[in-house]
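Annotated signal peptide per TrEMBL: 1-33, in sequence order. Taken from TrEMBL, the feature active site applies to Asp107, Asp303. Feature annotation from TrEMBL assigns region 'Disordered' to 442-464. As annotated by TrEMBL, compositional bias 'Polar residues' applies to 448-457.
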Amino acid sequence: MASRGRPQPGSLQALAVAAITILLLAAASGAAAGFPDRPAPGPPLFLRLTRSYPNASRLAASSRRGLGDGAHPNARMRLHDDLLTNGYYTTRLYIGTPPQEFALIVDSGSTVTYVPCASCEQCGNHQDPRFQPDLSSSYSPVKCNVDCTCDSDKKQCTYERQYAEMSSSSGVLGEDIVSFGRESELKPQRAVFGCENSETGDLFSQHADGIMGLGRGQLSIMDQLVEKGVISDSFSLCYGGMDIGGGAMVLGGVPAPSDMVFSHSDPLRSPYYNIELKEIHVAGKALRVDSRIFDSKHGTVLDSGTTYAYLPEQAFVAFRDAVTSKVHSLKKIRGPDPNYKDICFAGAGRNVSKLHEVFPDVDMVFGNGQKLSLTPENYLFRHSKVDGAYCLGVFQNGKDPTTLLGGIIVRNTLVTYDRHNEKIGFWKTNCSELWERLHIGDAPSPAPSSDTNSETDMSPAPAPSSLPEFDVGLITVDMSINVTYPNLKPHLHELAELIAKELEIDSRQVRVMNITSQGNSTLIRWGIFPAGSDNAMSNATAMGIIYRLTQHHVQLPENLGSYQLLEWNVQPLPRRSWFQEHVVSILLGILLVVLVTLSAFLVVLVWRKKFSGQTAYRPVDSVAPEQELQPL
């Protein structure tokens, strides 16, 4: 889904009316207790009108343990991708025996987890191969029963999800072993999931494989694990900062830090995860709006599938004016996308840690009086075309009175959805150091594969938590491809173009620096250089390239097999001597001196030639020596 979505005034009513007619055909074990999904996974323009269902999670709360009870393990999982580049975060989920890997969008607004099925006739080209039920010894279809909608053969339960932005997903329901990765202390569990046979719209074109539904409902992966009694009724998300993608996720309880800020979250208020927002302060002063404005319609909703924040019209205008009034020293400029009237400021510098010296702090005050303090990176995004410029990541939510808070608001913030105690907690932290700061030791690491003879771990090389503050002059990448060198050699140019396309850079930036044959595989060192005439690339650009590489965004054709990223490295722009920095000026100066000298020499030469052949003038009566006449 596009990460640049904006609410469009005037289209809200028509879409909302259309959304009311959407049929949600859920299945398997009382799926009707779930909630309809919101448009996932991109930043929705608004929240749909939905029917209200009984809250299965709340009804069963008395039999569940709360946050961090110590009685249950949890599933620690890494988050990948970048919020603004991709518009979403993904995690790795393994399904089947042996496991098949999938990159799934983490979506707190969806209630079903689904992946493309091998039999799908209308599925896009996604990050990983489709799920093949026949290759999993532990797979079983969810058989048709009175509690589900069945397929045409009356043999298997089906699901269907349709979204207000006109995308859809449908398929059959299956049950299999689901594994959560090597950092999870939660052992693999059997779970029901969707095996897609059709997808349309943005779901068809997205790079990620599918959706991991964390919302409320019996098909939600959270509700299934809680009902099994293997985790406590809580999950947490932690997003990276402005220049750092990725993050962390925990299914189950984590120790609540003593200074974590909480807000009540009423599961009956709406089918979405909500908080009680009462006031927004800018530079210590409350916005001059009625506090009830944040409780209109669906109230204030947190959505991990949304990129930016969207406020009701009156609140947005007040917020915009309050921030703008505090940045007199900055120049207001146009946004990076001419299709949107972004509010952007130039001259703030590249160092994110110093943005608070220019932009005001923002506080969100909850109904219980507790306050969440936001730094500028929680409401700004980098201008992609002007260095040192930033734009507001808070927009007006059309005419919709709902307040929608996307991932930008909780950058470098641990957000704990404590469903058991009906509250949501916030704790400012460095998400790349989350495990250490929470004093969580190393987990037992159950491998997702049951095959003891499996190949060497092909996990991607670790992505960076940050880069040093220097201009990057070169990125080197060591890549092992499981194709012999003779077979790979004719395709090197094609491979370079493919890598450039997946990294969204010019093919001339990708060059082979070294290549070595290693038996049945080939080791290639790629060099990724700055674009065009530029001699350096920014940290943000380098981070984006590295994350795409480390998270296996590059998809090779079948004839080239698969690859393993062994190592990456960034090199600063080489420091040049005074002579190197001024060599052009020196050469121009020398050339100018030579030209002036030659011009002067030519002028003197021409002058002498002109006057050397002329006889001096003598008066008529001047005395002259006699000359003897020559004989005829």
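Cβ coordinates are placed from backbone N, Cα and C, and glycine is handled just like the others.
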**OP:** Round to a whole number and give the Cα-to-Cα distance in Å for the pair Asp107 (active site) and Asp303 (active site).
**Re:** 7
**OP:** Report, as a single number, how many Cβ atoms besides its own are within 10 Å of the Cβ of Asp107 (active site).
**Re:** 25
**OP:** Using a 10 Å cut-off, grab the number of neighbouring Cβ atoms around the Cβ of Asp303 (active site), all chains included.
**Re:** 24
